Amino acid sequence: MLMKITEFDYRRISELVERARLDVDDVLGPVADIISMVRDGGDDALRELTGRFDGVTVENFRVSREEIEEAHKNLEPGVKEALREAASNIEEFHRMQMPSGWMSEVRPGVMAGQLVRPIDSVGCYIPGGRAVYPSTILMTVIPARIAGVERIVCCTPPAQDGSVPDAVLVAADMAGASEIYRVGGAQAVAAMAYGTETIRPVDKIVGPGNIFVTAAKKLVYGEVDIDFPAGPSEVLIIADETASPEYIALEILAQAEHDPQAASVLVTDSRDLALEVKEMVHENIKYMERANIIRESLERYGMIVLTADIDEAVDFSNAYAPEHLVIMTDSPEETLEGIRNAGSIFLGELSPVAAGDYGSGTNHVLPTSGCARMYSGLSTESFIKKPTVQRITKEGLRNLQGTVLKLAEYEGLHAHAESFRRRLRD
């Protein structure tokens, strides 16, 4: 049944928020083997694995400057202009995110503060294969460049002829990637984490991917940093009787076309709206190019939740912690005040998720599967470190001595106490 309607019940909330997750446990063994192969075999292992999984023989993994220039010549001008406009908006938004360092006198003679420093090198995984995602390059590379990352590596699976799509190369060049490699899957993650003869290791790996990429990121975490766990895409829409059922239906269809495991949820206090949306979804599926994917997605993970009021809808949304949250109520800003958990939020009927996916400037690399409860989406801050700094004068030592000496001795760390006490005596 497409878009089943269910009544909200606080006692069933854990059941209602369930949806598809990437269960990587089943593939951890094979992925660990792939990682070991790349660690031990370097480029030769990458070639073998690329031939096995992608059916492609690759001699040179690194994309040349000549290939990038050729891509600029070949790419359709309209697509190139759209990428340029998207890049401009993404850059403007992410520059506003950049934090500043600071220093403060916390006590007389005690200056303490925080610096802002970029990560040295970052790897951006760009999904490929049957689909082309140049927008994901913009979303991963531009924030890294703005943060000041010196070396930004992109890895993406090669096409059947060994090439990388023109749009991907142009987007990477526009965004400011330092290096682009034609390698994908878990083997690309392993190469970025541990290095090969061609690909030097990086300090952090970001970007979405399939279950094997996600498992590989999980396994290399600790050797490198990663962004956050990834899973199937999802949207939750909070709507009242003032909302357009057509806009809601189209938002649901747009999300469902991503993947058979994508989740699309409407939460409303209007039964009439729920029934209208359900009918419109049914009517419009047949006009969609990806109708089979949409139908499977909505049969498995499509849902309409009826609540007593919008406050209950907000409670459900916070428990669900959606990747994308659309608010179509009479006063979306007022509804927003109660929202705590969401990856990216779209206010009002004229703010579709597609705008955030491609053009508004916000990032579309977002936490899924409830991870918005503790993760934020990719941002400029994803690529920086914040070391703390302090400078203390003799006056500051005197002001701190009671606290420092008492606690150091209480914890039995007498050398700590002496290192402090000696400075007071000198």
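The backbone N, Cα and C atoms fix where each Cβ goes, glycine too.
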Site co-member for substrate according to Swiss-Prot, given GLN255, HIS258, HIS324, ASP357, GLU411, HIS416, out of SER178, SER233, SER297, SER382: SER233
Per DSSP, three-state class assigned to HIS416 (substrate binding site): helix
From recorded positions TYR125, ASN210, GLU323, the one whose Cα lies nearest GLN255 (substrate binding site): GLU323
Greatest C-beta neighbour count within 10 angstroms, which of the recorded positions GLU323, GLU411: GLU323
Spatial separation of ASP357 (substrate binding site) from GLN187 (NAD(+) binding site) - C-alpha basis, Å: 27
Sparsest-packed among the recorded positions, when each Cβ's other Cβ atoms within 10 Å are tallied, from HIS258, HIS324, HIS416: HIS416
Least Cβ-crowded entry, counting other Cβ within 10 Å, from the binding-site residues listed as GLN187, ASN210, SER233, GLN255: ASN210
Nearest-integer angstrom distance between the alpha carbons (Cα) of HIS416 (substrate binding site) and TYR125 (NAD(+) binding site): 45
